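Trainee: Dumping the structure here so I can ask a few things about it.
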Amino acid sequence: PSVRPRRCRAWLEGGGEREKGTNMAGDVSQLPPQIASLCQILQSCLSPQQEVIKAAEQQLKLLEKTQGQAPNLLQIAVVEGMDMSIRQVAAISFKNLVSRGWGKEGEDNGFIPANDKDIVKQNVLLALVHSPSLVRVQIAECIKSIIYCDYPDKWPTLLEAVFNSIASQDPPKIYAGLYALRMLTRKYEYKSEEDREPLYHVVNHVFPVLIQIFQQLLATENKTLEIVEMLKLCCKIYWSTVYLSVPKLLMQEDHFHAWMNALKVLLEAQVPSDVAPACKEQWWKVKKWVLHILNKLFNKYDMKVKPDEPMYPFAVLFDTHCSCQFLQSIMTMLAGLQQGQYISQRCTNLALQYLTHAMPKKKTYAMM
């Protein structure tokens, strides 16, 4: 195919190695032979003829263990100007290769060469930054797989890369950093206490800037779909972090109040009526995650926690400053149903769960 791709920004911004003399400006004939040949194979995967597709898939299978295959697929997937269908096939092939060849957590059994893995890890976050949605979803899945397998021991530079992305003030980079942080925290969501030390290191290093980004996103007047999606990521990051226990940093009063105030603002925010259906749907997903968090905190860390238990200070804070305040917000939201306002069914169910948790407690029952 004739294409005029611009250089892959990831490789230009301090990322992985490339073949000497690589010139990404021009058609496939001007690309390095290995890349050009791979583009032709990917193009064949789009053929209307089944025998051509089958032959191309067999060629990709044969190339899986070849040095450079994983970085080359990633590079093709993110090159601007390349035919989008080829980029999408490259992204899917890259995802499949990572799934089969990277290895599993705690095991050293992947067949992708170590040098190729290093190049991918140096570039994959920036690849997420510069990818359109059709490609991004595949690369995002790869980031999840690599984090689960390699962090922290085999990917020690990830945390700093996440921090720099979130602190960049560049929305695409912030999104990529938030997504990677979501996968980092999700990895430890169900881990026992003795295995959660890497999570606490993540929290101490990144959460002070994360709450600032969360607050900035909340303060943005024109909340686009992308901003709403980032708000949802912030909520999901917090959810995974506190699912089993609350890190010490988040029990400090300043951090506690900052997060609870932000969640309250989100819960009470009016879903805009003049936005696309996709944006409205994301708004209700954000509120769903806020309600998930509130139910978890209210039910798990209520005043049944004993004074000698580690979570007691958090339980006192939540009981004193949040249980009634969030109950009032939830009752106001549910009252909107009587006025004909729309509330998603999932949010309605979660709001009613909060009321159920509130009924046995004297202080909250009195408000009802």
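Residue numbers in this text run from 1 along the chain shown.
Just so you know, glycine gets a Cβ as well, placed from its N, Cα and C.
Taken from TrEMBL, the feature domain 'Importin N-terminal' covers 56-130.
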Trainee: Please list, for the domain 'Importin N-terminal' (56-130), how many residues fall into helix, strand and coil according to DSSP.
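Mentor: Once the DSSP states are binned, the domain 'Importin N-terminal' (56-130) shows 52 helix, 0 strand, 23 coil.
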Trainee: Limited to the domain 'Importin N-terminal' (56-130), I'd like the whole-number average of pLDDT.
Mentor: 93
